[in-house]
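**Q** Take this structure, written in structure tokens, and hold onto it; I'll ask about it next.
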Amino acid sequence: MIMKVVVKVGSNLLVGSSGLRKSYIAELCREVARLKSQGHEISIITSGARAAGFTYLGKGKRTQDLHIKQALCAVGQVQLMKVYENAFDFYGIKIAQILLTRDTFSNRKRYLNLRNTLIGLSEFDVVPIVNENDTVATEEITLGDNDTLAAMFSIAWDADFLVLFTTVDGVIDENGKLVERFDESVKLKDMGKSSWGTGGIRSKIESALMASRCGVKATICSGNDVSNLTRFVKGEPVGTVFEPQGRLKAKKAWIAFLSEPAGKIYVNKGAEEALKSGNSLLPVGVTGVEGTFDVGDVVEIVNEEGELVGRGIVNYSSSDLEKIAGHKSSDLKKILGYEGNKVVVHIDNMWVA
């Protein structure tokens with residue numbers, strides 16, 4: 001069976017004291033070529049652009065100044081892609097560069113365009129090499145780290161597997177033992193962060209959980225042995241495994257994990273129970289509105305204690321919803337002056353937590 005596999009490789013594996021570890025990238029590409037020869041589709045989520053730019057320019061020092069970091073990424077991304085291209089050329093494999101920001105996923109139109117692009121690349125049998133577009137990403141639109149990017153990309157691509165490579169064997173519990181199957185009751189040992197990377201083990205766990213909740217089987221495992229990639233796809237126990245929890249439909253997965261909520265709708269206990277039973281949200285169950293949003297925006301639905309109940313695409317603007325909150329659907333025309341939608345958020349456009 002042909003599988004879609006996403007492998008994420010961080011700076012701590014790709015970058016050494018003298019710059020990009022070209023020999024390591026060659027090993028990784030060899031392993032990807034092996035999987036492709038078996039018919040599988042592979043995408044690589046790569047870090048390393050900033051470090052590659054730093055080494056290539058051969059001057060300066062590490063800095064937190066945003067414009068310097070973005071300039072280093074702009075220079076380094078070219079060097080990074082050259083190394084991948086040269087490594088894959090040996091196997092006759094062509095690659096594509098994809099640079100993304102959070103807005104690519106949260107904006108529904110751009111998200112669908114990304115999915116269509118990936119379909120096209122699949123038809124050309126091209127390996128996507130994916131990174132965050134750090135040269136334009138600001139604090140408002142940054143993904144924060146490539147672990148999050150890997151999870152979001154896995155969901156957008158409808159991947160079967162997500163492999164998060166790290167420098168350790170997997171998730172380590174407070175007793176120093178490897179956690180082979182993850183559950184949220186595990187007490188963790190603090191593993192810290194790498195010198196170049198932005199994500200620690202907790203970031204990887206959150207990303208693996210996000211993917212698994214959308215039906216992607218994930219692992220956090222050692223990237224020092226690139227054969228772990230093939231072994232995991234073959235079904236061997238590798239690292240810390242996050243079992244898939246049922247695949248959400250593409251639209252609901254987007255609503256749940258990729259969209260950016262524009263506001264909140266507060267609901268009463270009766271509405272909360274109705275939503276959890278698979279019903280749509282009606283005006284009578286709404287107790288309050290927070291934020292400014294329009295028809296078609298994604299909103300969070302929260303209960304009276306402020307706990308998340310779900311997310312959904314709303315059929316009313318925040319101003320109109322404030323007017324009809326708590327009222328029966330039969331009262332809408334009198335309140336609004338027009339025949340409003342009887343449903344605030346339809347169950348087909350809703351993810352329930």
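Cβ coordinates are placed from backbone N, Cα and C, and glycine is handled just like the others.
Checked Swiss-Prot, it gives:
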| type | residues | note |
| --- | --- | --- |
| BINDING | K8, T198, G199, G200, I201, R202, S203, K204 | ATP binding site |
| BINDING | S47, D134, N146 | substrate binding site |
| DOMAIN | 262-339 | domain 'PUA' |
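Looking at the shown structure, can you explain where the listed features end up?
**A** Just so you know, the Cβ of K204 (ATP binding site) picks up 28 other Cβ atoms within 10 Å once every protein chain is counted. According to DSSP, K204 (ATP binding site) sits within a helical segment.
In the three-state DSSP scheme, D134 (substrate binding site) falls into the coil class.
With DSSP states grouped into helix (H, G, I), strand (E, B) and coil, the domain 'PUA' (262-339) comes out at 26 helix, 21 strand, 31 coil.
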**Q** Between R202 (ATP binding site) and N146 (substrate binding site), how many Å separate their Cα atoms?
**A** 13
**Q** Ten-angstrom check, please: count other Cβ atoms within 10 Å of the Cβ of S203 (ATP binding site), all chains counted.
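**A** S203 (ATP binding site) is surrounded by 19 other Cβ atoms within 10 Å.
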**Q** Spatial neighbours of S203 (ATP binding site) among the binding-site residues S47, D134, N146, defined as Cα within 10 A: which are they?
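**A** Within 10 Å Cα-Cα: N146.
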**Q** Any idea what the Cα distance is from G200 (ATP binding site) over to N146 (substrate binding site), rounded to a whole Å?
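**A** Answer for this pair: 11 Å between alpha carbons.
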**Q** Counting only residues 6+ away in sequence within the same chain, which have a CB under 8 Å from the CB of K8 (ATP binding site)?
**A** I44, I45, T46, N146, D147, L149, A150, L162, V163, L164, F165
**Q** Between the Cα atoms of D134 (substrate binding site) and I201 (ATP binding site), find the distance and write it as a whole number of Å.
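**A** Cα-Cα distance, D134 (substrate binding site) to I201 (ATP binding site): 22 Å.
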